[in-house]
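Here is the structure we will look at.
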There are 4 protein chains.
Amino acid sequence: MSRIALSDLNAASLDDFVAVLENVVEYSPWIAQEAAARRPFAGINQLHAALMAAIQAAEPEVQLALIRAHPDLANKTQRAAGLTAESTGEQNSAGLDRLSEAEYSAFERVNGAYREKFGFPYIVCVRRHTKDSVLRDFETRLRNIAKTETRRAIEEIARIAALRLDQLVVADDKLKVHGRLSTHVLDNHVGKPGAGIAVELVELASLGESRVIARSVTNADGRTDQPLIGGRPLPIGRYELRFNVGKYYAERNVQLPDPPFLDEIPLRFAISEPEGHYHVPLLVTPWSYSTYRGS
Amino acid sequence: MSRIALSDLNAASLDDFVAVLENVVEYSPWIAQEAAARRPFAGINQLHAALMAAIQAAEPEVQLALIRAHPDLANKTQRAAGLTAESTGEQNSAGLDRLSEAEYSAFERVNGAYREKFGFPYIVCVRRHTKDSVLRDFETRLRNIAKTETRRAIEEIARIAALRLDQLVVADDKLKVHGRLSTHVLDNHVGKPGAGIAVELVELASLGESRVIARSVTNADGRTDQPLIGGRPLPIGRYELRFNVGKYYAERNVQLPDPPFLDEIPLRFAISEPEGHYHVPLLVTPWSYSTYRGS
Amino acid sequence: MSRIALSDLNAASLDDFVAVLENVVEYSPWIAQEAAARRPFAGINQLHAALMAAIQAAEPEVQLALIRAHPDLANKTQRAAGLTAESTGEQNSAGLDRLSEAEYSAFERVNGAYREKFGFPYIVCVRRHTKDSVLRDFETRLRNIAKTETRRAIEEIARIAALRLDQLVVADDKLKVHGRLSTHVLDNHVGKPGAGIAVELVELASLGESRVIARSVTNADGRTDQPLIGGRPLPIGRYELRFNVGKYYAERNVQLPDPPFLDEIPLRFAISEPEGHYHVPLLVTPWSYSTYRGS
Amino acid sequence: MSRIALSDLNAASLDDFVAVLENVVEYSPWIAQEAAARRPFAGINQLHAALMAAIQAAEPEVQLALIRAHPDLANKTQRAAGLTAESTGEQNSAGLDRLSEAEYSAFERVNGAYREKFGFPYIVCVRRHTKDSVLRDFETRLRNIAKTETRRAIEEIARIAALRLDQLVVADDKLKVHGRLSTHVLDNHVGKPGAGIAVELVELASLGESRVIARSVTNADGRTDQPLIGGRPLPIGRYELRFNVGKYYAERNVQLPDPPFLDEIPLRFAISEPEGHYHVPLLVTPWSYSTYRGS
């Protein structure tokens, strides 16, 4: 999809403006309509703020209708009937289109419990989550009172809207919606970057299977050419980086025992800030390693 | 089983001496008989050397008969028919009594290939191995020539004999047959030993299931009260130490994100020297960790 | 000086008991006399507590006289006139017999200021201090009110007495008066202890010269045969451990640049707990090193 | 001095070309003259190669005259009589204009010994050196035979010429004549960059005084805004980076002993590759630290 310049949006007719932004908040063109009156916007952050201000200014029952316009997460019947293209893509990003039966049941159970308690669907910005963290979030939020959850739902709608806006509109400023996960390997045995080391990033799952979500090989700088995750929020969750250092040292004719003391090294860590920069390096010799949260 | 003092063995009748030691080498009282003539022994290492010298001095066909007196590894039929108590205990120590069908098949296949190539059973000191490393050793040794394997078989018989002697005889000196695996946790966040941290030692398996082989909690010194493995050879193989540092820091009211950056920390390493001392410590903060091979 | 068994002290005549202990607190046999009535003592800690209880029970003017019976620190005139052997040894331990003119002046100034403010000499257990930390302590305590300093003086007298008792009396229990500073070198380049590495311990001084207070060479375990400081309190102060790793790696034919990236490695740290155990290790490769406070 | 574009040099008259480049090699316009014939140059590396080719092609006695045209290092008489501006600036960069009497004597002695042995002055690209490393280089090279030293002198002339060219001429490509020394601080106590930490870079001297050659404060990224050394060769020598972490942690209300275990942390290392990238980071908590050669 081609993106539109903010300046063009500022100059567009009301109808065109609304047509572009109507799904930034699910099924709610009225929000774009309200915001249009505040044009021109100096930047995309201002545009986002105007959309959010429209929601904040709405009557409670309108807010509630807005919340109710959202689909359930991982709901087979709703998916069959058709979601907005945006919702479908977002839910797939967290793997909600690849759920096992056990996982479907888990989601169905929490969706039901949530709807029963609050009378509206659980809303979460799924692109900021893994399956695991969505389920944990569900459980935490189920303990809240309704008022808190109305506020939380609108916060999540704001996050969803920010990500959709970022996809739609080009401006001089940026919405802070992306994170970055990177690594590098420093070979302290020779005092140089560890080049040519195979690296895997695994998303760990409590329920269901862990899965490899990125594979790379370190370059001459000991880094991967691309961030392991970049240009999107980092899904909250638990991860493992795996480095094949056994092969690396074997190829460099370092004298090693059989089997080598270190072979595949796993670094296990969690991401809690989807918009953060996480740098998780490996400092290594054939006999030692260390890691830390860098930035 | 009560152990006998070396001085008593030195003073025993020939018959008694042989009765005690006849199974130090599988079904081969003649070896004890030969060695008896060299009494008195100044130490257990000298006694072991005398037993081995008897084997070395034997004619090649006698050596071959000795090798053939040994059972196959993990052979159901032979186990049903009955092994020596010593063999049974040793094979069980490596988990050969807990094989899955797939593992039995793997062992049957390599046993068959080995017997076919060399005309005698594959002998290995199983107490120095995990299932994984036995299978790797099999494959390596299958590539040897017969002469090499005869020599290797006798080396392994010497190791088995040393471990059996160590169980049977008390002397002032010690056979070097035991290794030690230990850990400790240093909490660099507060500059103190990490006390009260749950630790698991997992034996990793390529074929079949990895399994927890030790569980402990660090004491006030950040160490485990007992070595994770001690008083026996360290089985060659791949391991993972897992430390529950998330719970540790949460209980100490350290400000942590949700989920915490570090929760369960796995340290993955291999043991290649069964008689070695491996110290695998964890230096940790809520944001970093390191390990190294200590001793 | 030969030490006396606590059991003998328990059985001694009053005169003998007092004769042995009269200088445990400077020039104050009355304290031993009071304590004698509480015999027998189950341990040396109980004996020490009895001596201290005698001081606590004394009238304020008696306590003040006791404090006044102590000499000034580093006072030339008093030294010339003669101190107790105990005081002389203690003051020398902190280097107070090796003061430069500038240092003498510094001590004279603070001694004068302290006496003028409080009307009694500044008392400190010098064996727990370096020259630097004595001067810092002086400055801190000069800001106190007289009541606080009376209490502090008696605390220091208790510490001095504990150290003197420890020298004089043998018992089953120990007074907690000794600390220990140790190190070890782990060579992560080869996964073994760093053996044969020259180590120096330097006491850093703000005023005057830093000086080497221990020299050693690491043994096969990468440790020094003796603790760097042991069997005495660790003087509060700033230190540097210096390891000659350039020579160590050069002798092991590791390929190094000229000059090597790492040659003499200084680890700089401070000791604040004289009775603590400080373990300050060096984990090293030719390209990296780390240290931490261990115990 | 304004720099000239390579394209302009390519288009210049022979006289102008020579006028610009005549001192790239000390007092030797004939070299520029020879090189001019090879115009146009595609890049500055090609220009440098042409100048060096002219030297290589010259007769031995011409080469010797070229070598002899160079001044002695740190020679008071020659300095008084006047060196080229280039030589003066270069010698000053290594501190040769700030020599103590003892250092002058040391240089005079080695200069004399060198001239006596070889009949020509010792030539070195001083911008790649500290005083210490010049004296070490002197001693190493004094042991060579004359033929080796003629070759070494021309190598050093090539390095001096490269640095002078880099100052004079702007081109699309770059001569590899600059190095970079950088640092950063990672605070593993809080999992964030260590911001606001005072850092000093000290050049260590064997003879004479060590001196602070850069001071900085870490920024929000835990880095210094500028490299500690950049835009020039890194002088071969021994250095110490000093980080004031005691103040940093004290200001963050971390509970610390008095004195703090770590206060000023020195990282001591040597530079051997003037054109290299050295990254010397500090990973730190109030109780531990580590460093490594990064890049």
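Cβ from N, Cα, C; glycine included.
What TrEMBL lists as substrate binding site is A:His184, A:Arg223, A:Tyr292. For the recorded site, A:Arg223 (substrate binding site), the DSSP three-state label reads strand.
Sequence annotations record features per position, and here TrEMBL assigns domain 'Oxo-4-hydroxy-4-carboxy-5-ureidoimidazoline decarboxylase' to A:10-166.
DSSP assignment over the domain 'Transthyretin/hydroxyisourate hydrolase' (A:181-294) gives 7 helix, 57 strand, 50 coil. The domain 'Transthyretin/hydroxyisourate hydrolase' annotation in TrEMBL covers A:181-294.
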Quiz item: binding-site residues A:His184, A:Arg223, A:Tyr292: which sit with Cβ under 8 Å of a chain B Cβ?
Solution: A:Tyr292
Practice problem: Quick one: average pLDDT across the domain 'Transthyretin/hydroxyisourate hydrolase' (A:181-294), no decimals. | Solution: 96
Exercise. Filter the binding-site residues A:His184, A:Arg223, A:Tyr292: retain a residue only if its CB is under 8 A from a CB of chain D. Output in sequence order; output 'none' if empty.
Key: A:Tyr292
Self-check item: For the substrate site built from A:His184, A:Arg223, A:Tyr292, further residues of that chain with CB within 8 A of the site's CB center
Solution: A:Ser182, A:Thr183, A:Val185, A:Leu186, A:Gly222, A:His279, A:Val280, A:Pro281, A:Leu282, A:Gly294
Quiz item: When you measure from the Cβ of A:His184 (substrate binding site), how many other Cβ atoms are you left with inside 10 Å?
Solution: 21
Exercise. Report, as a single number, how many Cβ atoms besides its own are within 10 Å of the Cβ of A:Arg223 (substrate binding site).
Key: 20
